[in-house]
């Protein structure tokens, strides 16, 4: 005997578990909870009355007891007055007015009108064994389902029943008993909703035709579904041949409903899940939820605006999905992320596309803001040429510039090398020329490259007594790459060993052919020391400038390049700016690299204060928030807010770049490094007097890195060596290099206390050489085997406490006591270890030379045989060179 659980039966009937448990209790079946099992017999008891009720959806209110009692009367009414019902249909309006008040009257009418002859027979046949039980049971259940909110739905049934005013009086005495039933059937219809399929039995539905006419005019929205049930019954009745105008008119309408709405009802209600109006409503709600999830938002709502980066959680929130879905999608892409993981624009775009969204980057477009608008031809005016002096170390670049400026700046140079770029103004015959002085050492390649980019003309200084050198070639290459015309100044022609013709010959190999030899390169032979041909050199510069037609717009916002930057103790960050277009004024806001500021003061190359700087004019600017890098583009902006925003964005990008460089090794990478050999690191902190020198030293040190040892410049800045630098060196086990700077007193004391190595230099050669030596000291020494000698075993002796002793003859070299030895048997190594003792006759000896016999014992090894060969060797440690 199969059993069904309470909750399963409740789902099938389309009612709540509690309601079903109440019904079961009413028929005498005790259940403890919704998981309790019910026998089929109990289920039949429970569902038997429902079957009778569901046969006619409209007339649920009729009690089986009444039907049985009035069976004969009903037959009489149904047969005698079918026509009267149709005739009395018009008075419906009168009854409708009374619907609200006398509910009992309505019920009485229903009870009388409902029973049909066939229905009575069916009821008696099915339910005669226990007639009273279903009635009582139904009364209780309906009582439990009373819901005040459903009162409005009682109106349609009342209106239909009102069509039989003649029958109502006969049931008047029973009103009190029917009163509760009047309200309950309205609420009871929800679970009884699925009746249509079962209602297909013609016998049970034959009683409905009398109410066809009243139903049509009703237009109460909440009861739309209930009216459809009534129509279904009427249609069947009409088919059975019932008479009356109502029965004739409705069949067509009922036929349409049966083919369309009824099929839809099957799809919507029966297929998705449990039956019942209540359940149907629940199913509809669920389906609406699903549609909401699948629904694609409008195109404008599918665009998510982000600025540079966005976290996983924020992106999920804006797309209206769970963060776990995004994390799962990232994992499929090979990215392990958390809810707070930042996503760049590209990654966010990939994710959003997968979920049907678009990403719009609303970050500030720095390039667009800083882009310079083209100038009108009428706004352009002539500007002075910017001339860069380039050449090899100590070929006289600074001497030449000194001679031109008539100022002695050479005394401030260490080792004959210009330590940083200087920018100067020179006036000749009322026309100005701006000079940039670049260092000659190869470490300053980047600075020379920057100098070539901002310059109009390059003066290549070559010593007549030295000729073309490596830095000379680099200068030529930089100038050609920048497309800058070159004027060659052959310096030091006053020296007896000067050979200007040789210089021309060597430069011709580099593609610089003198005009005298049919080329287009201007050569001027000068002497900076004796001031020979200097005016001629300047005239050639101005002539070349005229050919280039150099022009700029002085009326626009200033734009230029940071030539040099340093941290001044009294003035803070100071930078030399070469204005290339526009005019820079005191009070202007600006941005340069990751720093911004406001021009608080400006000085020219002579130290005089100036209020403005036009095109091609160098000026020392005070007002930076930090020390910018040499070569950064300097742009004047309208307000501080914009400058600050651009600087902060650049700082963020710089941080991301730095983090990408210093990523931690994964376990797999670490294992690979261990397999390949341990990599050693040397950490260095560089401090200097000017930014250009710091950059040059740092770049030179980075070039010393090899596969075996890695040099990391963990910090490089301008200014004196401070306690912060020492603390950083302590934490990272670094060496501090000071270039033209000294440590503070407290920093010096802290360095001595912590044991931090602080090196101070004035010339870059010394710094590079010392670091190179330090790196060599970090490398493991190379182990090399040195052969000492070979001896043949000719006899073996067993000596107490010493084991087996080999009587040997030295074949070549010498056998040395305590040396490393190998024992070879048929040229196969059978032992490698240390010599325990070496004796000649009975005396211990230091060594035994070729051609002599000796006794040799091996450490912890006695398996010695005649004919074996003993090789002696030692391991030498050789320092590794970079």
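Numbers run from 1 along the shown chain.
Just so you know, glycine gets a Cβ as well, placed from its N, Cα and C.
These features come from Swiss-Prot:
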REGION    123-246  region 'Disordered'
COMPBIAS  151-163  compositional bias 'Basic and acidic residues'
COMPBIAS  236-246  compositional bias 'Low complexity'
DOMAIN    382-551  domain 'tr-type G'
REGION    391-398  region 'G1'
BINDING   391-398, 437-441, 491-494  GTP binding site
REGION    416-420  region 'G2'
REGION    437-440  region 'G3'
REGION    491-494  region 'G4'
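Its Cβ placed at the centre, residue 493 (GTP binding site) has 19 other Cβ atoms within 10 Å. Neighbours of residue 394 (GTP binding site), defined as other CB atoms within 10 A of its CB across all chains, total 17. A 10 Å cutoff on Cβ-Cβ distances gives residue 391 (GTP binding site) a total of 27 other Cβ atoms nearby, all chains included. Residue counts for the region 'G1' (391-398) under DSSP (helix as H, G, I; strand as E, B; rest coil) come to 2 helix, 1 strand, 5 coil. For the region 'G4' (491-494), the number of residues in each DSSP class (helix H, G, I; strand E, B; coil) is 0 helix, 1 strand, 3 coil.
Its own atom aside, the Cβ of residue 397 (GTP binding site) has 26 Cβ atoms within 10 angstroms in the protein chains shown.
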